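Q: Pulled these from Swiss-Prot:
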- Cys26-Cys115: disulfide bond (DISULFID)
- Tyr27, Gly29, Gly31, Asp48: Ca(2+) binding site (BINDING)
- Cys28-Cys44: disulfide bond (DISULFID)
- Cys43-Cys95: disulfide bond (DISULFID)
- His47: active site (ACT_SITE)
- Cys49-Cys122: disulfide bond (DISULFID)
- Cys50-Cys88: disulfide bond (DISULFID)
- Cys57-Cys81: disulfide bond (DISULFID)
- Cys75-Cys86: disulfide bond (DISULFID)
- Asp89: active site (ACT_SITE)
Amino acid sequence: HLLQFRKMIKKMTGKEPVISYAFYGCYCGSGGRGKPKDATDRCCFVHDCCYEKVTGCKPKWDDYTYSWKNGDIVCGGDDPCKKEICECDRAAAICFRDNLKTYKKRYMAYPDILCSSKSEKC
């Protein structure tokens, strides 16, 4: 669920996700095309690909079960589809944290028109 994903990102990075990631680069937020602008944008590209592989549930809207253990996200629950969504979100939140040093403010609210090169395949 997008609100759960937001909480993961906030706790992992300390950044407000809606401001910092919702419109970052060519792939963060809704849709995506072209080549990812940097490592953070690539996190979003990989997250989009992860969501594409999920079948049987709605990644953006279905709630899943997770907890925090020693600063890490632990996905749980009995529903394999929802657990898969959680794992996609977990991986992206960790990716954002791991790439904070190369995060570039100039890619916030990046115009889609500048993402016109050929899109990569998942």
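Each Cβ is built from the backbone N, Cα and C atoms, and glycine gets one as well.
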Q: Looking only at C-alpha atoms, tell me how far Cys95 (disulfide bond) is from Asp89 (active site), rounded to the nearest Å.
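A: So the alpha carbons of Cys95 (disulfide bond) and Asp89 (active site) sit roughly 10 Å from each other.
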Q: Counting distance between Cα atoms, which of the recorded positions Gly29, Gly31, His47, Asp89 is nearest Cys122 (disulfide bond)?
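A: Out of the listed candidates, the nearest Cα belongs to His47.
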Q: Suppose we draw a 10 Å sphere around the Cβ of Cys88 (disulfide bond). How many other Cβ atoms does it contain, all chains included?
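A: Cys88 (disulfide bond): 23 neighbouring Cβ atoms within 10 Å.
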Q: Give me the CA-CA distance between Cys57 (disulfide bond) and Asp89 (active site), in Å, as a whole number.
A: 14
Q: Could you check which of these disulfide-bonded residues, Cys44, Cys49, Cys86, sit within 10 Å of Gly29 (Ca(2+) binding site), going Cα to Cα?
A: Cys44
Q: What whole-number Å value do you get for the CA-CA distance of Asp48 (Ca(2+) binding site) and Cys86 (disulfide bond)?
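A: It is 13 Å, counting Cα to Cα.
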Q: Sort the disulfide-bonded residues Cys26, Cys28, Cys43 by C-alpha distance from Cys50 (disulfide bond) and give me just the closest.
A: Cys43
Q: Given the recorded positions Cys26, Gly31, Cys75, Cys81, Cys86, Cys115, which lie close to Cys43 (disulfide bond), meaning Cα to Cα within 10 A?
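A: Cα within 10 Å of Cys43 (disulfide bond): none.
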Q: Using the CB centroid of Tyr27, Gly29, Gly31, Asp48 as the Ca(2+) site centre, which other residues of the same chain sit with their CB within 8 A?
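A: Once Tyr27, Gly29, Gly31, Asp48 are set aside, the remaining close residues are Cys26, Cys28, Ser30, Gly32, Cys44, Phe45.
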Q: Using only C-alpha positions, which one of Tyr27, Gly31, Cys49 is spatially nearest Cys81 (disulfide bond)? These are the recorded positions in the record.
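A: If we rank Tyr27, Gly31, Cys49 by Cα distance to Cys81 (disulfide bond), first place goes to Cys49.
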Q: Which one is it, among the disulfide-bonded residues Cys26, Cys28, Cys49, Cys115, that lies nearest to Cys86 (disulfide bond) by Cα separation?
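A: Checked the disulfide-bonded residues Cys26, Cys28, Cys49, Cys115; minimum Cα distance to Cys86 (disulfide bond) goes to Cys49.
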Q: Taking Cα-Cα distance, which of the recorded positions Tyr27, Gly31, His47, Asp89 are within 10 Å of Cys115 (disulfide bond)?
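A: Correct set: Tyr27.
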